[in-house]
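Here is what Swiss-Prot says about this protein:
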- C89, H92, C163: Zn(2+) binding site (BINDING)
Amino acid sequence: MQKTELDDQKLVEEIARRIREILELLGENPEREGLKETPERVAKALLEMTSGLRTPPPQIKVFSLGEDGEAYEKNQIVLIKDVNFSSLCEHHMLPIIGKIHVAYIVSNSGKVAGFSKIIRIVNYYSSRLQIQERLVEQIADAIMNSEIKPKGVMVIGNAIHMCSYVRGVKDKEAKLVSVAYRGLFKTNRALQNHVFRLLDNANKVNLL
């Protein structure tokens, strides 16, 4: 069903009404100066940060490296690094903020993905209540099953979780690293290590 502006406005109104109730339960006055527009702002922010639940997944635009696929049988790796992402932890609805690195092995047909499309896939699966371990798996599956038909996909996530930063243990330094492997990356440790070396070398020359 096609989404309309009327649908969006109704969602904002319904969510804002419940945010007002939450503010009251917390002991706040949602009518005081400074909070009058907060429920609507929060509603719009939540809808934006969970937009992936209500929109279709982005399609990967395919480009060809050439007509002779034989040139790509040596497992050429494409690495898209430092894709900034933010999501909402599904346990506490607090932000997860970090970076995603995506590597894939070009198929023998020489098909590669449009650069921005990989970023859109990261944004799409980040825009929902999420856990980081699932996020990297979903990104890996989306690319592995796309029209570029890569021989393998490797997705690395590195992020700070506000649920442990501002509450609970309140650790300001801890980061979570999660990795998903598909195809050749799943069984070939040399290929895995090659990607880690690429990231490490980029860091050494101040490219990270």
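All positions are counted from 1 along the displayed chain.
Every residue, even glycine, has its Cβ placed from backbone N, Cα and C.
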Q) In terms of DSSP three-state secondary structure, what is the assignment for C163 (Zn(2+) binding site)? A) helix
Q: For the recorded Zn(2+) site, whose residues are C89, H92, C163, find every other residue on that chain with a C-beta no more than 8 angstroms from the centre of their C-beta atoms, and list them by sequence position.
A: L88, E90, H91, M93, L94, I96, H161, M162, S164, R167
Q) Counting across all protein chains shown, how many other Cβ atoms sit within 10 Å of the Cβ of C163 (Zn(2+) binding site)? A) 17
